[in-house]
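**Q** Sharing a structure, written as structure tokens. Questions coming.
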Amino acid sequence: MAKSGSLSIRVVEGRALPAKDVSGSSDPYCLVKVDDQVVARTATIWRSLSPFWGEEYTVHLPLDFHHLAFYVLDEDTVGHDDIIGKISLSKEAITADPRGIDSWINLSRVDPDAEVQGEVCLDVKLLEDARGRCLRCHVRQARDLAPRDISGTSDPFARVFWGNHSLETSTIKKTRFPHWDEVLELREAPGTTSPLRVELWDWDMVGKNDFLGMVEFTPQTLQQKPPNGWFRLLPFPRAEDSGGSLGALRLKVRLTEDRVLPSQYYQPLMELLLESVQGPAEEDTTSPLALLEELASGDCRQDLATKLVKLFLGRGLAGPFLDYLTRREVARTNDPNTLFRSNSLASKSMEQFMKLVGMRYLHEVLRPVISRVFEEKKYMELDPCKMDLNRSRRISFKGTPTEEQVRETSLGLLTGYLGSVVDAIVSSTGRCPLALRLAFKQLQRCVEKRFSGIEHQDVKYLAISGFLFLRFFAPAILTPKLFDLRDQHADPQTSRSLLLLAKAVQSIGNLGQQLGQGKEQWLAPLHPFLLQSISRVRDFLDQLVDVDEDEEAGGPACALVQPSTIVREGFLLKRKEEPGGLATRFAFKKRYFRLSGRDLSYSKTPEWQVHTSIPLSCIRAVEHVDEGAFQLPHVMQVVTQDGAGTSHTTYLQCKNVNDLNQWLSALRKASAPNPGKLVACHPGAFRSGRWTCCLQAERSAAGCSRTHSAITLGDWSDPLDPDAEAQAVYRQLLLGRDQLRLKLLEDSSLDTEVDPGRDSSATDGPCAEVLAQQRAATTHLLQVLEDLEQAHEEFQKRG
């Protein structure tokens, strides 16, 4: 039984942060750590004590993780960043409420003695002889200790306490992965029982030693199950700091843990779901999909939609699934102006489908224009209430401009950017994924059939543009970081420019139906350009759905990442491991990397025809590298194995911590199916005849640090896993099981009220046949859920 977990994290905002700069303000950002591994960094909000981030992350991780931490720092352009405070959440605290955490949490001070990490390997034996008890503690090694020295390492030693006695190991200099292999023996008087405590310290020549962590074992543990293995280091027990003086963060955190059964156990549920999409949708109230839509609340509907879309994508049935939901939605809609405007399961499913299969397409269309807006930083404003004439003067004019001058200049800039956006969209038909085009064609046909009158001639266009423009292009323009179009959020001026562009794209997506209405009359100068663009968009939508329905969108089961699909690309600094070579920072060379569904390739420039490729099937590990290995930050390693079984390591330096984590995540997901993955590797470099991490002298020595192949960031390129998605659907149905049982009772009571001698067609309530179908479908579904629940219990007992 496979085990998986994912953390949904939203860093919303901060309040009442302390000032760290002489100006009386701060430049705060937030680091997100999972078990001491940095997985994300928010943008820096300049000159603010109440920053708004609004950043979301999904982290896939193993079930044995321990804690999640948020560190708030003040960015300094010179010197080290100042630590403001931290929030630490244990796994138990996150799972205490099934809905997760959604609240303001006070920041607490960062106590160096509480900042511990890593593990220690011990083998403890309790012996008895005529002189009393003897405890033999074999201190083997430790790994991933906290760096306490400026070099990014420590000088660790272990101190063992038992009763009134204590002993120390030797000190090993400049390593976070010490190998002691020392046996310490302590004696205790007969008749006494004492706990065992092992502390790790960093030795300092000047000043006091720094605490690295501790483990403690009760007398009962020593007697019944003497410790032997790896043990996680813990901080000294201390009183909790209620905080408040350092400000607070508003966080949303939810942990989802699943134990995924073998595929055959989900087959009955899958058959029920597949039967749903193959049956009539308009009056369906009995299928599992119809019941799921009824049970799903607004809060979880988006997550459910994502799981269902992925499940049917993995089965090659995303088209029929979306068509089923579309037919249900259209049949229930009387006013075409409200079609797909709600957050129904149909709307959310189509929205998630666009993000899953169309993200690469979105990047190709919008990235060039978005990059121009960020880089050129032009001032644009049409609203006279928001015009800043002084800013316009600094940027565009020699003298003091008038509102009319600002409006004319802004209109020219805005139409220029908007023209580039429209040109990119209407010329992108050939780049739009086939699966998306087929889904839009089915959508248009269904809408056209329902609203066929001449007065509804635009509805077939609005149905598509409502998704493609209003739920895809416009949100990506408004918040490009959330769609991975930029690494940072926009500054206020650029954000306003993006808002104006997004409003214009929304107006085009609405086919100009609301032009001249509402309070934003200041957009009137833009109307001629918008009306001109709308006719081009209609032609584009006609071309988009002009596709042969017999074509298959990626075969029987559609993969999100095809072999030729570029998942990630950009410049990195590269260095290959060379036996006998000098591990210096000058050995890194700038290369342009592309990660596809087939390989990791690189060349001197993006246009360079000659490139070197690393097949994904050869990758055995993708891991962080300690900063001290090359005196460089943000370095990772890709460990590969050739046909002869020889290992090779390529070191890559990324531009920042987010770039590093995104490359790590993308490479780990791309190489996830590979056999023979390494369970440990070296986070350092081999130079001067030894590894910089663990100081071992053999180049071929076994790795000293565990690999983290299971830790990845969730995004559109996540591999499809139908079993995991089926498990998520089962979990959602399980939450609504009581409602299903209540529905079954209601249907049964209604059925008894139907007069058998009366024609069912004349009955005011539901007919007997429909009630019987509902009761049978609900009973069948409840039985499937019960069978799955029993299977989980059986596997739980075995494990």
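Each residue, glycine too, has its Cβ placed from N, Cα and C.
Quick paste of what Swiss-Prot says about this protein:
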- 1-105: domain 'C2 1' (DOMAIN)
- D21, D27, D74, D76: Ca(2+) 1 binding site (BINDING)
- D21, D74, D76, D82: Ca(2+) 2 binding site (BINDING)
- 116-231: domain 'C2 2' (DOMAIN)
- D149, D155, D202, D204: Ca(2+) 3 binding site (BINDING)
- D149, D202, D204, D210: Ca(2+) 4 binding site (BINDING)
- 316-544: domain 'Ras-GAP' (DOMAIN)
- R341: site 'Arginine finger' (SITE)
- 565-672: domain 'PH' (DOMAIN)
- 674-710: zinc finger (ZN_FING)
- H682, C693, C694, C704: Zn(2+) binding site (BINDING)
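Could you tell me the structural context for the features on the list?
**A** According to DSSP, the domain 'C2 1' (1-105) comprises 5 helix, 58 strand, 42 coil.
Taken as a whole, the domain 'C2 2' (116-231) shows an average pLDDT of 91 in this prediction.
Neighbour count (other Cβ atoms within 10 Å of the Cβ, all protein chains): 20 for D155 (Ca(2+) 3 binding site).
Reduced to three states, the DSSP call for D202 (Ca(2+) 3 binding site) is strand.
DSSP gives R341 (site 'Arginine finger') a coil state; it is part of no helix or strand. For R341 (site 'Arginine finger'), the same-chain residues lying six or more positions away in sequence with a CB closer than 8 A to its CB are S347, G466.
Distant neighbours of the zinc finger (674-710): 37, 60-62, 141, 143-144, 172, 174-179, 577, 579, 582-583, 616-617, 619-626, 628-630, 637, 639, 641, 651, 668; these residues of the same chain sit at least 6 beyond its ends, with a Cβ under 8 Å from one of its Cβ atoms.
Mapped onto three states, the DSSP output places H682 (Zn(2+) binding site) in coil. Sequence-distant neighbours of H682 (Zn(2+) binding site) (same chain, 6+ residues apart, CB-CB distance under 8 A): W691, C693, C694, A701, G703, C704, S705.
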**Q** Using DSSP, break the domain 'PH' (565-672) down into helix, strand and coil residues and give each count.
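**A** Residue counts in helix, strand and coil order: 24 helix, 49 strand, 35 coil.
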**Q** How big is the gap, in Å, between the Cα of D202 (Ca(2+) 3 binding site) and that of D27 (Ca(2+) 1 binding site), rounded to a whole number?
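**A** Rounded to a whole number, the Cα-Cα distance is 32 Å.
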**Q** Could you name the residues, excluding D21, D74, D76, D82, of the same chain that surround the Ca(2+) 2 site, i.e. Cβ within 8 Å of the Cβ centre of those residues, in sequence order?
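**A** Apart from the listed residues, the neighbours are K20, S26, D27, L73, E75, D81.
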**Q** For D155 (Ca(2+) 3 binding site), which of the binding-site residues D27, D74, D82 has the nearest Cα in space?
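**A** Closest candidate to D155 (Ca(2+) 3 binding site), judged by Cα separation, is D82.
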**Q** Nearest by CA distance to D21 (Ca(2+) 1 binding site): which of the binding-site residues is it, out of D149, D204, D210?
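**A** For D21 (Ca(2+) 1 binding site), the closest Cα among D149, D204, D210 is found at D149.
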**Q** With Cβ-Cβ distance below 8 Å and at least 6 positions apart along the chain, what are the contacts of D149 (Ca(2+) 3 binding site)? List them in sequence order.
**A** D155, K174, D202
**Q** How many neighbouring Cβ atoms, not counting its own, are there within 10 Å of the Cβ of D210 (Ca(2+) 4 binding site)?
**A** 19
**Q** Show, in sequence order, which residues other than H682, C693, C694, C704 on the same chain lie with their Cβ within 8 Å of the centre of the Cβ atoms of the Zn(2+) site.
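**A** The surrounding set, listed in chain order, is T175, F177, P683, G684, W691, T692, L695, Q696, A701, G703, S705.
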